[in-house]
Amino acid sequence: MKSRLQVRSAHVPLWSWIIPLFGCVIAAMTLAHVLPERSVVLLLMSAGLLTGAVFASVHHAEILAARVGQPSGAILLAVCVTIIEVAIIGSLMLSGAEGNEEVARDTVFAAVMIVLNGVIGLCLVLGGRRHREQSFQLNAASAALAVLGTLATLSLVLPNFVTAGKPQQFAAIQLVVIGLVSVVLYGVFLFVQTVRHRDYFIDDEDAASPPATHETPRNPLAAGALLVLALIAVILLAMLLSYPLDSAVEALGLPQAVVGVTIAGVVLLPEGITSVKAALMNRLQNSINLVLGSALASIGVTIPVVAAISVALGRDLALGLAPQNLIMLILTLFVGTITLGTGRTTVLQGAVHLAIFTVFLLLSAIP
């Protein structure tokens, strides 16, 4: 069976480079004040281009991921998505909008809840409906959950209980240490996933099949160049839309956390679709790699970067979760440990995760 990341065409789809290129041009002209910044039509067009650029970047990352194989391919996709996430968060933090000290926390928390409850819930429900019971490598899930639980607790829970900084915030030295610990721990996990215990993270069918190949050697080179173009488009469009997004949420009277949920939802949409497709093909191990990899990268990469921005520029960075979100995180990690603790899943576990995700969305809009 071909890998789920198999590239079936030697031709680069037109949309995958036209949208990022057009997005770069529109964003650059607007930021240079050639086009009107407050135009509603332009902002709506930019939002559509941002979504398209996210899909394009993940598409090109998938081409590269197919060349390197699993589990490295899942890592590449997760890092690509996290770069986009960091770019959007950084743009909002530097925009000067009210509440921007909380956007990193809200986005990272939303990303964890979306992938661990929304995406994994859909994977288990749809995959279980088609294949009844699905299996995956228990060692892989255990290793990832151990790191994820530690990083989430240190980054999102501990700030509520330290006394050296402001409420829900680390002091500068604490923030530096937590950032370094996150980078090191995530780096060790990547070493285990790609070198020391690589076999833990490989699907049985992937191990038995030869690596995916492309019809032309030009594909990876073109994909690499277009991936850079797509990421640049995302960064420029994020800078353009950062202030209007904050203003829209405020005008609608919604909590600031909705900004984080929106960012995480847009960024994770393509990868979520890929994960669900893998589950439908009875490749649950690939889905688990993508889901847990995204959650780990979201904390292990995003937190150190925003911590560096905060310390370097002297900006406040609130990371501690509100009480209701703290309960939701603990519940998610607890249920996730049970769900992924046997190596086999059914529709029931997926339904539980979707129920938690529904409550998370409710609390995001109505705390």
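Numbers run from 1 along the shown chain.
Backbone N, Cα and C atoms are what each Cβ position is placed from, and that goes for glycine too.
Pulled from Swiss-Prot:
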TRANSMEM  12-32  transmembrane segment
TRANSMEM  39-59  transmembrane segment
TRANSMEM  74-94  transmembrane segment
TRANSMEM  108-128  transmembrane segment
TRANSMEM  143-163  transmembrane segment
TRANSMEM  172-192  transmembrane segment
TRANSMEM  221-241  transmembrane segment
TRANSMEM  249-269  transmembrane segment
TRANSMEM  291-311  transmembrane segment
TRANSMEM  318-338  transmembrane segment
TRANSMEM  347-367  transmembrane segment
CB contact flag for the transmembrane segment (347-367) and the transmembrane segment (74-94), at least three pairs under 8 A: no
Remote residues contacting the transmembrane segment (318-338) - C-beta distance under 8 A, at least 6 residues beyond either end: 101-102, 104-105, 109, 112-113, 116-117, 120, 145, 148-149, 152, 155-160, 166-170, 303, 349, 352-353, 356, 359-360, 363, 367
Residues of the parent chain within Cβ reach of the transmembrane segment (143-163), under 8 Å, 6 or more residues beyond its termini: 105, 108-109, 112, 169-171, 174, 178, 181-182, 185-186, 189, 192-193, 197, 200, 288, 292-293, 295-296, 299-300, 303, 318-321, 326, 329, 333, 336-337, 340
Among the ranges 74-94, 108-128, 221-241, 249-269, 291-311, the one whose Cβ pairs under 8 Å to the transmembrane segment (39-59) are most numerous: 221-241
Tertiary contacts of the transmembrane segment (249-269), as residues 6+ beyond its ends and Cβ separation under 8 Å: 50-51, 54-55, 81, 84-85, 88-89, 92, 98-99, 102-103, 105-111, 114-115, 119, 294, 361, 364-365, 367
Folded-back contacts onto the transmembrane segment (291-311), same chain, C-beta under 8 angstroms, at least six residues removed: 71, 74-75, 77-79, 81-83, 85-86, 89-90, 93-94, 104, 107-108, 111-112, 115-116, 119-120, 123, 140-141, 144-145, 147-148, 151-152, 155-156, 172, 175-176, 178-180, 182-183, 185-186, 189, 268, 271, 275, 317, 319
Spatial neighbours of the transmembrane segment (74-94) far in sequence, C-beta under 8 Å, 6+ residues away: 54, 57-58, 61-62, 64-65, 68, 100-101, 103-104, 107, 111, 190, 193-194, 201, 227, 231, 234-235, 238-239, 242, 245-246, 259, 263-264, 267-268, 270-271, 274, 286, 289-290, 293-294, 296-298, 301-302, 305-306, 309-310, 313, 315
